């Protein structure tokens, strides 16, 4: 079976959005879309599952909160109780207001950094990664839609030309 | 055009009538003489105080106040679950024992903590007892006034918060919100009746019908008087009745005038041929926001912070603002959802509701941030004249004080953090009810400790006042909504707002 794909290139995000809707209506399988910038609503138009990154962030926040709570409890209460400004030093809850900024920052730090790292891993991005986009123009001002070829090739090409693509190519994918 | 349903109108009248009855009962039930107070105390909560006295000092019946105070302070010191009460109550024990004179200066004359000062020596114990009763009498006489005051300022400030939000929409040339402008204008219609009643209350305080503001008592700044208070004396350049009422009048007149012009231009824009009325509102919004941020701080010092004339906090204005701003936005969301459920505002979609809910969430967090910033610095530095503010609240207002944090922070945080939840009507309404109640309690906590002390209770006068102003609010707001089409069709951003979607 051939591993051919169609590369339909657009030069406007609104045209791209309409093309995506038409392609989905015609039941062609969109494999990937390369854009120079995030296009609002594209994920919904492509029918991608909603991101679960927010849930991850919430959990990371809770992890950060508990780590920093434990840390402050160990450092300031258990291991070496410190008397700062005459505050009671043998009870975490009595000292809690002083630790709130630290607990808050820890929550934010963990949620933010781990969320970014998760996002990179999920998008298969890491340092020295080779670019995957098939056409350099998608880093400038063009949008590329990659669609698998499963039926009549010529019909597909004319279909994509009719959706407003400035260029339609059939490529053998490795 | 919206028509005020007769059901809702009847409901608002019922609220007003029941509320007025409740307010009346509150004033009638307030004790008139010391004897009444003595009987009241003997009948009700005096019972448990007496029990303490018997345990601690059975023979010193007349000094029960100091015995009780020390006992309470000790109880706090032992009980490690009270977050900030720990050290601070140790302090107050010290006050009660040896620094009575300092306490007398450091705390407001009408404060419940003044009990400490009363119990200086056994020789004066009979006078002290009488003084204590007189003190409780004043607190109980203040109670219906304070209940009225809290509800009145709360609803008035909701309309002020909405006015500020509305002005921000104009100044920012926001494209999403014009579809909600008529709802906001409806809510700000309450500003006029609300501020008139409020100003009457302030005048009543200035004419000594009540003692909500202790600094208004001329004896307090009279060096010859026994009631003389040096700290208030030093502040009398600012804390004078004439200056107070004049500032209040200027602030309220400007706010009402700005509201009137906003509404006038907004209506004129509907039939205008160009955008001139819109541009006028844009400029007016810019002026108003500058005026507002200054006047709002001043009003928060005058109308709220000055009930505790010894205490001050530099971010108090922001904190009060966050409280009524989030309440105002919540009211916008709830009235919008109500109108939508009745089939009006067909262009309002879930994206608009989502945005309002994001504001409810965000400003709730902002409120918490300010509340905590104020609390933590005062708790940490533990300076007597500052920390008494929180000591009274934690000792006598434990439930409303910590309950408010759960209502205003933890609940909105957990329920509104989810994106999808912000689009669900029942979630937004439920969160809204909790937020509004929580911020009523917030205002309750700002006013009550200084005016009624430990005699607080959310009973008939408080609920009556709340019902009365809620009824009036509903009546005025929904009447104003019937006066103009709900879609401001001339607004240059109206198309964008109708198609707002993301």
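For all residues, glycine too, the Cβ spot is worked out from N, Cα and C.
Transmembrane segment is the annotation TrEMBL gives to one range among B:105-125, B:189-209, and that range is B:189-209. Same-chain residues lying 6 or more positions outside the transmembrane segment (B:316-339) and placing a CB less than 8 Å from one of its CB atoms are 2, 154, 157-165, 180, 183-184, 186-187, 296-298, 300-301, 304-305, 345, 348, 352-353, 356-357, 359-360, 363-364, 366-367, 370-371, 374, 408, 425, 428-429, 431-433, 435-436, 439, 442-443, 446, 477, 481, 486. Tallying C-beta pairs under 8 angstroms between the transmembrane segment (B:424-441) and each of B:189-209, B:237-258, B:359-379, B:399-417 places B:399-417 first. Long-range contacts of the transmembrane segment (B:12-30) within the same chain: residues 140-141, 143-144, 147-148, 460-472, 474-475, 478, each at least 6 residues beyond the stretch ends and with a Cβ under 8 Å from a Cβ of the stretch. Of the candidate ranges B:146-168, B:237-258, B:359-379, B:237-258 has the most C-beta pairs within less than 8 angstroms of the transmembrane segment (B:284-304). Contacts between the transmembrane segment (B:146-168) and the transmembrane segment (B:359-379): absent, as fewer than 3 C-beta pairs lie under 8 angstroms at sequence separation of six or more. When Cβ-Cβ distances below 8 Å are used as the criterion, the transmembrane segment (B:456-481) is approached by residues 2, 4, 8-9, 11-27, 29, 143-144, 147-148, 150-152, 154-155, 158, 182-183, 185-187, 189-190, 193-194, 335, 339, 396-397, 440, 444, 448-449 of the same chain, each at least six residues removed from its ends.
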